[in-house]
Amino acid sequence: MTTKLLGKIAVLASVSIFAFEANAQDANKNVKQKFTDERGKPSLITFNEKSTYKSTDSQTAFVELLGLKNNSNFSKTKSETDKLGISHEKFQLFHQGVKVEFSTYTLHSKSGKLESMSGEFYQLDNVNTRPSLSKEQAFNRALQQIGASKYLWDSPAEAKLNDYQKPAGELVLLPLTDEDNNGKKTEQLRLAYKFDIYATNPVSRGDIYVDAVTGVTLLYNATIKHLGEFSNGSKPSVDKKTGNKSMATAFVAANADTRYSGTQSIQTSLSGASYILSDATRGSGVMTYNMKKGTSYTAAVNFTDADNNWTAAEYNNVNKDNGALDAHWGAEKTYDYFSLIHGRNSYNNAGAAIKSYVHYSSAYNNAYWNGSVMTYGDGSGTGGFDILTSIDVAGHEIGHAVCTNTANLAYQKESGAMNEALSDIWGACIEYYAAPNKQRWLIGEDIERRAGHLSLRSMSNPKSEGQPDTYGGANWTSQTKCRPTSNNDQCGVHNNSGVLNHWFYILTEGKTGTNDLGSSYSITGIGIDKAAKITYRMESVYMTSSSTYANARTYGIQAATDLYGAGSLEVIATTNAFYAVGVGTAYVSTAKIAVPKSAKTATTTEAFVLYPNPTSEVLNVSVKENKVSSYKIFNSLGFQIQTGKTSGGEINVSNLSKGIYFFELNNGQDTVVKSFIKK
Ligand SMILES: [Ca+2]
Ligand SMILES: [Ca+2]
Ligand SMILES: [Ca+2]
Ligand SMILES: [Ca+2]
Ligand SMILES: [Zn+2]
């Protein structure tokens, strides 16, 4: 069982170990470490101090390190410099002029010198770039697939307000990854038309990819997401009233009796004779509007108050109007959190206004970011949700907008699960930042009204809401042969998010235990601020659209290394928190790997000593106090290939093929992992 589960993980060794393999494998003298993903392509390459690559050598690096050929090219899409003074230039891959979807690579430079590069690369040969279908034919197929009765482009004013246009369609090469029965990742690239389709009845928005040769729908990458798998919103009714929002003239601080978080301070504006929920002090503004149970954004009006004291007596009514105060305050705090903690200016890092639309439709059990604005339903109450404006939900949904503008994780399978988890993580962080006494490890506890649930999800105990806390463990949605659809929650994105959620919880709080794979761990937490900084860097600097859990581990460790240094407590905690949730091996210190051949003492202060290392025939194991222990040997892909007891003191490894292995020893109390090399 363990073998099978672990086999699904392409375990990437921790930073300290792969230093060997990188030197052995890569002839390029500039390379310090090279990590390869499940497809055998480099996901992260770091350069040594003597490296001659400059920040301007991007094209040389692509050719020399990725093997980029003449038929493909990387084109720059974005350039940002972070707080550490490291600049990140992001490139998009094209093949014979056709964009390769989700294939981006980022070069990280400091003081004009290339430090590292990371991303998702595809080597393309003999790939068809000539469509059989016309754009129009593909568009009609897409509409058939969506099957809505109304689209946003049918209402030009609504489309304009939401910054949306009827899609022209784009020809792309779409990578589709799957797993075979042995857990090995497979890939295919298909020529497809991509359309961004916003339907209004019923509501949906996402990128739909139609095979340009067969006309089959290959992928639906949702922009409008559900808060959970649970959803029973009623059909929207059409509201024809037109709104007349007046221009704000002056802004002021106000008291607001929120529905879920007590009395809070918000920013409003004086507009004519009354105050409105319009904050001009943050970025390009934070505005909150009233849809009055309709579905028209242009018909939305302002919430108004005469004396700028927004009291419970006035707004805690049957309409749940006080929920609007939570939405407004939540958006303000979300802006502040990203600005003050991460130096990010709104979700797009360019000060975009955050607009929230409250009272969408009738008894609607969802809240979502639609690509431009926030939309909140009132919820159906008992059996569903209360109005969905709690601060963790606001942070979660606006967190999706941050993801779109950074890692842009595709909303399916593992990348989709991590997209969901990152939103839960930001929801928890923002809630803790704004209201530290709330239950930060529960998501949606304020709005939950379903029987048998305390919240939508629990990050401290994912299993309590039916989620997995271990990769491949109990409750995990299998990714093998899974074809993402809305019926299977895109292969369990709201379910498998439990693993990264729990990783963040463990990294913050620390935990001692044994996971579903039988791995024991004991981790000292580093606190939510450091955990959040590592996570934000993992998401904003390193992850790409098709990142997997194995990639997240590599990138999380690299982010911790950038921030706190190699071998730091933060790097150790990050690595071991991934190990605790079943992703990769435990941290191995480089200092412990080099055991001299002369080390023959049977008693040692270390948990155990392995020698000789490297070895070709036998491995001697000296265990502390000569305690008989059980051991497991894993190969570099995480497959368990040998088990036994240390009683003989000598283990025959002559059958193993050459390479790096992990030796896990359990003395009945602790589990310690070390690596060794088979010559
Ligand atoms: Ca008032
Ligand atoms: Ca919460
Ligand atoms: Ca309940
Ligand atoms: Ca990958
Ligand atoms: Zn979500």
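Using N, Cα and C of the backbone, Cβ positions are placed for all residues, glycine too.
Annotated features, as they stand in TrEMBL:
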ACT_SITE  Glu397  active site
ACT_SITE  His494  active site, proton donor
DOMAIN    407-583  domain 'Peptidase M4 C-terminal'
DOMAIN    610-677  domain 'Secretion system C-terminal sorting'
REGION    456-479  region 'Disordered'
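Residues 5-6, 8-9, 179, 227-228, 230, 413-414, 424-425, 428, 441-444, 448, 488-489, 491-492, 494-499, 501-502, 504-505, 509, 515-517, 549, 581-583 of the same chain sit 6 or more residues outside the region 'Disordered' (456-479) yet have a Cβ under 8 Å from a Cβ within it. DSSP assignment over the region 'Disordered' (456-479) gives 4 helix, 2 strand, 18 coil. Each of the active-site residues Glu397, His494 was scored by the other Cβ atoms within 10 Å of its Cβ; the lowest score goes to His494. Mean pLDDT, taken over the domain 'Secretion system C-terminal sorting' (610-677), works out to 79 on the 0 to 100 scale. Break the domain 'Secretion system C-terminal sorting' (610-677) down by DSSP state and the numbers are 3 helix, 39 strand, 26 coil. Between Glu397 (active site) and His494 (active site, proton donor), the C-alpha separation comes to 13 Å.
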